[in-house]
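Colleague: Following this message is one structure expressed as structure tokens.
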């Protein structure tokens, strides 16, 4: 591992530009990105009751694992510093993970001047796995993280280009729905490609510039996101109460969808996971947050609560109000009439149509660069360590650019958001829900002492999380393959 050399007694002094509100906005923007657009589809297709219960369990689990991630980062800092000081770090054997980590024979006791802390060193999750389980296992984990984040970026590109193609005419080319135009060389595909290219130019620039240059953009986009979510939720409640249809004057029965559709739960599980998991963003954003000990855990808690309330309200309201739900809920607001006939639409329906369809497309401007930086940082810290000064500038900016650009090539080929999220969410099982309690358990064995970020720990609970999520992973793969 390439780490910078410094005097053993000289710690990194944690600093950062962002307070708790800015940190919250950054984490929230990178979490509620494209995922919330498919939440209603998951609720309708898999049953509202099943989706609600799974949303509750997923929110609790993701918050708990986010605290485990903070603790793991603080303990991994000690391993990095001991490596710099020339001390041997012995890998832990897998069988010891089944034993009580509080036994004194199992602990690596660091020197008194080393205490668990989160510093300015960027330690990504693949780096932690590499430290505790070795390079081969760490490389496998890095591959899972790359595929997971890559899929997220593909989804963001699809959201932007399909939204703009559906509502903005381009010269002689009229608006179109890419989901209903299957011809690969159609005019609709040309429009989709044009808007995707425009998106690529913008987000590649923002990714290369870095996270700390985007504070005002993040605030603006977060505000737009909540306006859209509130607009969709309120119009859905109005449709339910007044029995209105989104796209015509027809009567809407607003019947409740089934409580559970067993054959479709393989779709809901990865989509809800995709929309709720945020552990992989924590290291990248934490490096820019000040007062880390007081701020980071609160940020994680606020983000978890926000995601739960937003997804539950949006999923339940839209699932009851909208029939034949598209995989991207905003597409049901294309040609929105508010219950009026198409020939007598009032002006406010046009405003809502453009607001709801276009704002999420603009919104991914805030989410995409953060996720692209997570991907780039995972690769660079794996090769060069967590100190930016050790990375050649050409390599540093080149990896950032490629991390932002390559996923958009795939977005050109695959644009169905439901299909993308079905499989992207599966990597969350292996990359975060299973791996996080494993490396947290290993670091409890390897590093003695208390951390200011310590999570509640119970070895039985950790293994229960690992086993249940492993079972769910194979169950979801099986359900999706069978269908």
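Including glycine, each Cβ sits where the backbone N, Cα and C put it.
As annotated in TrEMBL:
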DOMAIN    19-475  domain 'Amino acid transporter transmembrane'
TRANSMEM  21-42  transmembrane segment
TRANSMEM  48-66  transmembrane segment
TRANSMEM  139-172  transmembrane segment
TRANSMEM  192-211  transmembrane segment
TRANSMEM  223-244  transmembrane segment
TRANSMEM  264-282  transmembrane segment
TRANSMEM  302-322  transmembrane segment
TRANSMEM  354-376  transmembrane segment
TRANSMEM  397-417  transmembrane segment
TRANSMEM  423-443  transmembrane segment
TRANSMEM  455-482  transmembrane segment
Colleague: Please report, as numbers and ranges, the same-chain residues at least 6 past the borders of the transmembrane segment (354-376) whose CB is under 8 Å from any CB of it.
Modeller: 26, 29-30, 32-34, 37, 124, 145-146, 149-150, 152-153, 156-157, 159-160, 163-164, 166-168, 199, 202-203, 206-207, 209-211, 214, 217-218, 220-222, 224-225, 227-228, 231-232, 280-281, 283-285, 330-331, 333-334, 336, 399-400, 402-404, 407
Colleague: If we skip the immediate neighbours and take only residues 6+ beyond the ends of the transmembrane segment (223-244), which ones have a Cβ under 8 Å from one of its Cβ atoms?
Modeller: 29, 32, 36, 251-254, 310, 313-314, 317-318, 320-322, 329-330, 333, 336, 338-339, 352, 355-356, 359-360, 362-363, 366
Colleague: Count the CB pairs under 8 A between the transmembrane segment (139-172) and each of 21-42, 48-66, 302-322, 397-417, 455-482, then give me the winner.
Modeller: 397-417
